[in-house]
C-alpha cells in the first residue's frame, strides 16, 4: 500500500518511514508542489484532519491517486509550568515559519522566565488517516520533564530539552531505537498501523 504523508517535515518523514516499513511511505511533496495548509483547529486531532483532508482533496483530482491513503500527524509539547503551552502552537511557537532551533530556544527562555529550572511536560501526537470512504484518528502521548537547557544533538524539535519518564537523558541524547519504542508518535503510529492493515 502507498501511504502518502501530508507533511514535508524531514524529521517527521524519517520517523514515520522508520516506523512504517510495511508500507511504501511517500511525502506528498514528492508527488505535487507543496502548498500552504492553514491549521486553525483548536486540537491536535483537528489539525491532523485538516492536513490529511487538504492533501487528499488535491491528489484525488488525479486518477492515479483515487485509491490512495493519506496520513497526517499533528504533534506538539505541552509544558505544565507554562499552562500547557506551546501545545498546538509548538511548530510556530517563536513565530510563524520559525525553525526548530528558534522554537526550542524560545521555550527554554520561557521556562527560565517562569522561575523554574524545569517542569513536567508531555508530548501529544494525533494521527489522521483519510481514504476515499473513511476518516480515522488516533493519539499517542509521552510524559516526562523539560529542562531549561539543551542536551544532545539527536532528534529534532524540542527533543534536546525533553527527558522522558524513567530516563535520565534527553531525547536528543537517546539513540533512535530507544526513541522508537517510547515516542508519542510511535505509540500513535502503532494504533494507526492496525487501521491501515484493515484497509
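A Cβ is built for glycine as well, from the same backbone N, Cα and C atoms used for every other residue.
Cross-referencing 75, 78 with the substrate binding residues that Swiss-Prot gives (7, 8, 9, 10, 11, 12, 156, 157, 158, 159, 179, 184, 185) picks out 75.
Residue 74 (active site, proton acceptor) carries a strand DSSP state (E or B).
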